[in-house]
Amino acid sequence: MESLMAYVVGILFAAAIYMMLRRSIVKLVIGLMILSNAANLLIFVVSGMTRGAPPLLPEGADAPLGIVADPLPQALILTAIVIAFGVLAFAVVLIRRAYEVVGTDDLDQMKDTDT
Amino acid sequence: MNLELALPILIPLISGAVSVALWRSVRYQRILAVVATALLLAASVWLLRSTVDQGFLVMEMGSWPAPFSIVFVSDILSAIMIVLTGIIGLAIAIYSLASTPSGHEKFGYYPLMHLLLAGVSGSFLTGDIFNLFVWFEVMLLASFALLTLGGERAQMEGAIKYVTLNLFSSAIFLSAVGLLYGTVGTLNMADIAQKVASLEDAGMVTVVSMMFMVSFGIKAAAFPLFFWLPASYHTPQVAVSALFAGLLTKVGVYALYRVFTLIFTQDVEYTHTILLWAAALTMLTGVLGAAAQFEFRRILSFHIVSQIGYMILGLALFTPLAIIGGVFYIMHHIIVKTNLFLVSGITYRLLGSYELQDLGGVYKERPMLALLFLIPALSLAGIPPLSGFFAKFVVIRAGLEAEAYVITGIALLVGLLTLYSMIKIWAEVFWKETPEHTKSLSLLKGDMKKSHAWAYYVPVVGLAACTLYIGLNGQPIYELAEMAADQLMNPELYIEAVLGGAQQ
């Protein structure tokens, strides 16, 4: 399972970078979305996958009885998803504004500020 | 519970929230901005004093013991950075009173400024690697909004590059944090440092360290990852440019200093050699880029890049003296660079342009302003007795002592080219006659509105005074940098302070 997920993470990163290298700003933002998902999935995979063992203590016990899932990576991913959501919402508004102001979605036409 | 450790984060966060509540009343937001940043400065000085007196200050969130909770830690370096944040915050808040267009003020300029300061302070104080990521995002989101406030074409084009590369860097950072957590199973930086040192799989650690280097290198605008900076920093209104120039890239530099002195010291030969060459090329490309530019703020933006090289050079040489030089350089640079951007804003107010060909004749009409430009400009180039001279002197001496002659030679050459750029601005903006086509627009002969003029000049004079103070009274500042470097070179002190020796 873990090696399969590792391939999925790799494919997601590759797809994200491919999309970011396209000229259209819409594809750029789609690339950013995939990229943040790839990073989240990476955290999930490297911190060890456990099936069906929630980190809950039975009543009266001080320590879990068997192997349980590590709750921390899930908390990290949840935080990262919320942040990525906020940032991507901004990015979508930005490309819309940029399209209105510049009149094109082609990154090659947006070189005025480059040097 | 150390109150002084929480205040630099709480003050901007609370005043940001209050500013939003006062959305309709720009007047109160303006008053609040100045009061809150002045309080931030006072709190930061308090923090520095108690850090110097008591050593490390540590605060554990929710009173959970150290490796399990998120900790906030203040060592001398963080405290210094917080003081600089306070100084720059106050200067920008006062300057904004005059320079910010009222349209920007109505659309939340002040709340965003507070949020940005909170993000910067949080990044400097946190002792938890994932929490650092969160503060980075707070800071980035505020900076995205500030950068695009106004919505002009150049801003949109600059912002797309800025947003893309910074989000890319965040994704790399997040992946690196994930890999690190998978390897050592902790997020507390002190705990990571302890566990990494006893880890057998050194190859994995080096891979993760390179990911951190790339990610922070993008944020710090180091070679070859700096292209977002000159494409975007000259596009927003000038107070925002100055705020970014002073603080944002330095957060990246601070993060590099933190992780490459505390955590990733197991393979200094490899990692710090890469940093060394990155530093050299950053200096060179930045200064050569500046030489090719003829727009006031673009020249200054490229100089940010070249100066970042000196700071990374201090880290890369990795001797006590070099770290002292690097820390001293950061202190000097933040003040000087912000000041130069503020001066460019005044000349824009007077002549209505940032293009060197449209500017001219400022010296004839405003000799005091010319002097106020000359102080930070010569300091940037490293002319004694200004602050930049001592900063460069220490870094270059460290380079010679470490027998890195090529790098030191490059650093000296870059100093010379910096002087060339500053002289170019001086000759074009201040000495040259005012060009005919801008004379009609020029406010040079008239009075600036009285109520506005003080808000333009007070921050510039104040920051110039700081530069002079560091230059003429270098000893206490040097001692402060020495204490910071001493703590950075002995990471076991940091680990001991955070984990309290109980974790063995």
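Numbers here mean position along the shown chain, with the first residue as 1.
Backbone N, Cα and C atoms are what each Cβ position is placed from, and that goes for glycine too.
Note that TrEMBL annotation is computational and uncurated.
Pulled from TrEMBL:
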- B:6-23: transmembrane segment (TRANSMEM)
- B:30-48: transmembrane segment (TRANSMEM)
- B:68-95: transmembrane segment (TRANSMEM)
- B:107-126: transmembrane segment (TRANSMEM)
- B:128-417: domain 'NADH:quinone oxidoreductase/Mrp antiporter transmembrane' (DOMAIN)
- B:162-182: transmembrane segment (TRANSMEM)
- B:202-226: transmembrane segment (TRANSMEM)
- B:238-257: transmembrane segment (TRANSMEM)
- B:277-296: transmembrane segment (TRANSMEM)
- B:308-331: transmembrane segment (TRANSMEM)
- B:368-390: transmembrane segment (TRANSMEM)
- B:402-423: transmembrane segment (TRANSMEM)
- B:454-472: transmembrane segment (TRANSMEM)
Maximum Cβ pairs under 8 Å to the transmembrane segment (B:402-423) - stretch from the list B:6-23, B:162-182, B:277-296, B:308-331, B:368-390:
B:277-296
Which of B:107-126, B:162-182, B:202-226 contacts the transmembrane segment (B:68-95) most, counting Cβ pairs under 8 Å:
B:107-126
Would you confirm whether the transmembrane segment (B:277-296) and the transmembrane segment (B:238-257) meet the contact rule of 3 or more C-beta pairs below 8 angstroms, pairs 6 or more apart in sequence?
no
Recorded stretches the transmembrane segment (B:202-226) and the transmembrane segment (B:6-23) touching, at least 3 CB pairs under 8 Å:
no
Paired segments the transmembrane segment (B:238-257) and the transmembrane segment (B:308-331) in contact, 3+ CB pairs under 8 A:
yes
Same-chain residues near the transmembrane segment (B:368-390), Cβ under 8 Å, at least 6 residues beyond its ends:
303, 307, 328, 331-333, 335-337, 339-340, 343, 346-347, 362, 415, 418-419, 422, 425-426, 429-430, 457, 460-461, 463-464, 467-468, 470-472, 474, 478
Using Cβ atoms and a strict cutoff of less than 8 Å, what residues sit near the transmembrane segment (B:107-126) while being 6 or more residues removed from its termini?
5, 8-9, 12-13, 15-17, 19-20, 23, 29-30, 32-33, 36-37, 40, 70-74, 78, 81-82, 85, 89, 92-93, 96, 100, 132, 134-143, 145-146, 149, 243, 247-248, 251, 254-255
Intrachain neighbours beyond the transmembrane segment (B:6-23), with Cβ under 8 angstroms and 6 or more residues off its ends:
29, 32-33, 35-36, 39-40, 43-44, 46-47, 59, 72, 82, 85-86, 89, 108, 110-112, 114-115, 117-118, 121-122, 124-125
Cβ under 8 Å to the transmembrane segment (B:162-182), counting only same-chain residues 6 or more beyond its ends: which ones?
129-130, 133, 136-137, 140, 143-144, 147, 192, 204, 207-208, 211-212, 214-216, 218-219, 225, 227-228, 231-232
